[in-house]
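Student: Pasting a structure here, questions to come.
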Amino acid sequence: MANSNGLQCQRIAVSACQGLGYNMTALPNLAGHTNQLEAELQIAKLLPLIESGCSRRARFLLCSALFPLCTPDVPRPVTACKSLCETVKSECAVQASPELMELWPQFLTCETLPQPEKHELCMQIPQQVGVQAAQPYWSNWLAWKMSADQISGSSNHPLTGSSITSISSNNAICPQNFTINPLNAQECLPQCQRDAFHTSQQKKLTESFILGLSAICFVLTLFALVTFWAEPRRFGYPERPVLFLCLCYNLFSICYLERIVFHNQSRSRAIYEPISTVCTLLSPPCLASYISTSYLSLCAATWWLIFALCFYLSSHKKWSSEALEKHSGLFHVLAWVPPLAPPIAALLLEKVHPSELTGMCMAPGFVEVPALILLLLGLYFTLRASRSLHSLQQQHQLHLQHQQRFSQLRKRFVIFSLLFFIPTAAGLMLGAFYRDLGGAPPTIVPSCSTLEDCSPPDKLSAWPSLMRVFFQLLGGTLTGLWVWSRKTCENYRSRLVGGNPIMSSTTTKHLHVKNMHITNSPLYAGISFHNVPVYNPHQSRV
């Protein structure tokens, strides 16, 4: 907005300097800043001096120097008067420590400020404001409203009462830890690195909770990956997709660990760090965490579907391990490429929002819905495969020892599937209905017209977020259970004591059916036995 003198007025968007009795400013300021971001960085450095309480009017003085008053009735920005500057500086020199006084900005020299007695335009603040009881920093000056006699100026450029009243009446107020929406003065946006919808205790609990679960998930999935790597021949198809399922959740846990360790919210709240004005803006770390976790969640759900499909093809369609191996390239394309679409769509549609509690970004529904569909399809093939395994076990009279192994395989497959499906589906359901459960705060809150009506919104519960993350990481942690067996323990023990590891079951397992000796791959690497045709891609078709 430009006045008749060409001065460009703009709304003050920095929360620390809102509620001064005016809401419009113009740049450059006394420090020579040409945009509000530079001024915000400067005011953040001055917060220790302001919040020390050395002077009740320190905030007004420093903010008016960085965000001078702009109105249509004056030809230039209006700063504080020289007398106010001298008063504040003298009070702080007595009350504040020498270390804090070193923060006094060099650009704020009281001698250079305008003086009313010289008919220079400037702002003054009543003495009674300075002796009022201290309030939280966000409302120190909200009770003060500018009036005609609070601005001293030359008769050549008078500030009429009507112009001051319009500034006062249009001055929107935001609750604590919120800031005015630059695009709509009737809305307040949560301020970053402040406790807008959650308390500091909730954030610390969430960080500790996520850190512990992520570390456990990382260790157990890493153990599974090392086991797969050490004995690749032991884990062929149809169980090979578990390897990539563990890989997805290992990387998933790393995303959470990186967010907690390297982008810790409590450390970023240091007083000398700039405070972001609007917390609905997506930072690069937040976007990176959203894309990574969303993509890996969908990849894991796809590998779960492939795992169930491979067991179904192996048990019901009689596909051999070689037949499944032949289609591994297709499996990888389906598992790694399509999951990119939902997070990209959420970004393009601008549905991604940061979470104050976890410090990560999310878009409820965009990833959870397709992941749930993949899980349900996987559950369908799991039930079909389990039924086929049971039917094959009943139809063929195997040697008692091999029949027991067959039964153990079926139990292992079903138990593993349930242990993965139940917590993962629960986590996705909580994510899909996150907003309905009260976990997602509103994007905006209405601004206030008076201080009495400007109470902060109620704090939200942290349990929906905690349960969502818990079930997500629990499902990933349990994927490592597939390698937990007596053979794994014996192999690791043999390696640790320096002996030879036990030969893989891939080369030693045999079936004896009706006096026939059949060399076979593992029972869970292409279900095959006597009188049951097995699909093999290398066999010639009749």
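Just so it is clear, glycine is given a Cβ too, placed from its N, Cα and C backbone atoms.
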Student: Look at the disulfide annotations in TrEMBL and name the partner of CYS122 from this list: CYS63, CYS70, CYS81, CYS174.
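Tutor: Cross-referencing TrEMBL, the cysteine bonded to CYS122 turns out to be CYS81.
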Student: When you check TrEMBL, which of CYS9, CYS17, CYS92, CYS110 turns out to share a disulphide bond with CYS70?
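Tutor: Going by TrEMBL, CYS70 is disulfide-bonded to CYS9.
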Student: Under TrEMBL's annotation, the disulfide partner of CYS54 is which of CYS92, CYS110, CYS174, CYS188?
Tutor: CYS92
Student: What does TrEMBL give as the disulfide partner of CYS63, choosing from CYS17, CYS110?
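Tutor: Going by TrEMBL, CYS63 is disulfide-bonded to CYS17.
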Student: Nearest to CYS122 (disulfide bond) by Cα distance: which of the disulfide-bonded residues CYS9, CYS54, CYS70, CYS92 is it?
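Tutor: Result for CYS122 (disulfide bond): the nearest of the disulfide-bonded residues is CYS70.
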Student: Give the three-state DSSP assignment (helix, strand or coil) for CYS92 (disulfide bond).
Tutor: helix
Student: Going by DSSP, is CYS17 (disulfide bond) sitting in a helix, a strand, or coil?
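Tutor: Its secondary structure by DSSP: helix.
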Student: Which listed stretch (209-230, 242-262, 362-383, 413-434, 465-485) has the most C-beta pairs under 8 A with the transmembrane segment (290-313)?
Tutor: 362-383
Student: For the domain 'FZ' (4-125), what does DSSP give as the number of helix, strand and coil residues?
Tutor: 52 helix, 10 strand, 60 coil
Student: Honestly, do the transmembrane segment (209-230) and the transmembrane segment (465-485) touch, with at least three Cβ pairs under 8 Å and pairs 6 or more apart in sequence?
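Tutor: They do touch: at least three Cβ pairs between the two stretches lie under 8 Å.
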